[in-house]
Amino acid sequence: MVVKVKQKIPLKIKRMGINGEGIGFYQKTLVFVPGALKGEDIFCQITAVKRNFAEAKLLMVNKASKNRVKPACSVYETCGGCQIMHLAYPKQLDFKDDVIRQALKKFKPTGYEQFEIRPTLGMKKPDHYRAKLQFQLRSFGGTVKAGLFSQGSHRLVPIDNCLVQDQLTQDIINKITQLVDKYKLPIYNERKIAGIRTIMVRKAQASDQVQIIVVSSKEVRLARFIGELTKAFPQVKTVALNSNCSKSSEIYGDETEILWGQEAIHEEVLDYGFALSPRAFYQLNPQQTEVLYGEVVKALDVGSKDHIIDAYCGVGSIGFAFAGKVKSVRGMDIIPEAIEDAQKNAKSMGFDNAYYEAGKAEDIIPKWYKQGYRADAIIVDPPRTGLDDKLLKTILHYQPKQMVYVSCNTSTLARDLVQLTKIYDVHYIQSVDMFPHTARTEAVVKLQKRV
């Protein structure tokens with residue numbers, strides 16, 4: 001390497017990386033610079049030197065891109081929750097198209113150069129879109145603050161006015177910090193592994209109902225806290241306590257108890273309603289979820305004789321879009337509370353052809369096939385880690401005729417397509433901007449078994 005840590009260098013940014021950073025070359029050394037944009041001439045300082053690349057901190061933009069904008073967020077550079085707010089929104093969508101192309105080029109699934117990559121579907125107003133927050137709590141000089149850890153650290157950045165967060169959820173977390181202070185509730189101490197560590201606030205867009213999870217390493221007395229909070233915000237319908245005594249970075253423990261209110265809140269998507277319990281997964285951008293699920297519906301050509309598997313089904317929200325027009329829908333999820341919601345939702349909507357089971361897809365699907373169930377189509381919506389190897393082998397073994405892959409990580413998507421394109425053709429990839437101002441995107445991939 002020709003560069004050293006703390007060295008200051010000029011750099012021409014040639015392109016943007018998958019995490020939103022600018023990329024340039026200094027005497028043949030690849031340099032990643034967060035905050036820099038394609039086409040810019042910058043001055044930066046090397047912060048880390050690796051075997052094949054270096055990382056740097058942006059010091060000055062000597063020649064700015066015409067697509068650079070001033071972020072409206074006061075903590076944008078320290079928070080780390082958003083990565084590309086300094087890029088004009090239409091160009092953010094172009095960037096997300098390019099991220100998909102970069103991932104495909106890296107992993108090279110069969111026929112990737114001919115894949116149809118459709119332009120990312122963006123938002124008209126890409127602000128205050130997050131209906132869910134998970135903020136950490138810490139004490140600053142005796143005052144409780146809520147926020148996010150700065151990128152790659154355990155240093156909390158207090159946030160009281162997040163520009164991508166739904167305003168009601170932000171107002172509620174602000175009130176929560178005041179009440180935690182007022183009632184002297186214990187705040188998490190990393191050395192003692194004790195106290196309240198995380199607060200989750202989620203709003204259902206359709207009903208304005210709100211649920212809250214207090215994550216604590218020990219039992220806390222919340223009666224007065226709950227009384228004052230629910231009086232100030234009658235939209236709050238559920239307060240739950242999750243016990244997490246782990247030293248790991250996992251947000252939640254295994255046990256969640258409803259302390260006050262109803263078991264679930266009411267949400268709607270694609271003209272049907274469903275219950276959502278506190279631990280159940282649901283997309284955090286309700287407006288774009290309508291768009292995303294609409295694309296899933298378009299991608300599957302199914303009828304009254306077809307059977308569908310909805311892997312990673314959550315509360316059943318994707319599968320319900322098909323339950324009224326197919327022979328059967330079966331789904332599974334590793335979170336038991338989500339499956340309970342899915343079962344209740346199916347019953348309330350009269351879908352007696354929908355069946356849900358708690359467990360891993362790679363374990364349950366082979367069991368169903370041994371029992372004689374045959375799926376004509378499968379929908380997968382895995383976490384950022386992508387498909388489990390065992391599930392990939394299961395899909396390749398049983399070979400449903402159609403498949404829709406909903407991905408929140410283009411790298412693991414491209415990796416999984418290497419295996420899937422052994423028997424499937426990719427018809428197209430349609431990305432949906434679920435997370436404006438971040439480097440993340442969501443993609444719907446239509447696959448058809450090769451004849």
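Placement of Cβ uses the backbone N, Cα and C atoms for every residue, glycine included.
Under the heading domain 'TRAM', Swiss-Prot lists 2-60.
Look at Swiss-Prot and you will find Cys73, Cys79, Cys82, Cys162 tagged as [4Fe-4S] cluster binding site, backed by similarity to another entry. Of all Cβ atoms in the shown protein chains, 20 besides its own fall within 10 Å of the Cβ of Cys73 ([4Fe-4S] cluster binding site). DSSP gives Cys73 ([4Fe-4S] cluster binding site) a coil state; it is part of no helix or strand.
Of all the Cβ atoms in the protein chains shown, 23 others lie within 10 Å of the Cβ of Gln283 (S-adenosyl-L-methionine binding site). What Swiss-Prot records for Gln283, Tyr312, Asp333, Asp381 is S-adenosyl-L-methionine binding site.
Under DSSP, Cys408 (active site, nucleophile) is assigned to coil, being neither helix nor strand in the three-state scheme. In sequence order, Pro383, Arg384, Met434, Arg440, Thr441, Glu442 are the residues of the chain that are 6 or more apart from Cys408 (active site, nucleophile) and have a CB within less than 8 Å of its CB. What Swiss-Prot records for Cys408 is active site, nucleophile.
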Residue among binding-site residues Tyr312, Asp333, Asp381 with Cα closest to the Cα of Cys73 ([4Fe-4S] cluster binding site): Asp381
Summary of DSSP states over the domain 'TRAM' (2-60), given as helix, strand and coil counts: 0 helix, 36 strand, 23 coil
Using Cα positions only, nearest of the binding-site residues to Tyr312 (S-adenosyl-L-methionine binding site) (Cys79, Cys82, Cys162): Cys82
[4Fe-4S] cluster site shell beyond Cys73, Cys79, Cys82, Cys162, criterion: Cβ within 8 Å of Cβ centroid: Pro71, Val75, Tyr76, Gly81, Met85, Ile159, Leu163, Val164, His437
Long-range Cβ environment of Cys162 ([4Fe-4S] cluster binding site), under 8 Å and at least 6 residues apart: Cys73, Gly81, Arg130, Leu133, Gln170
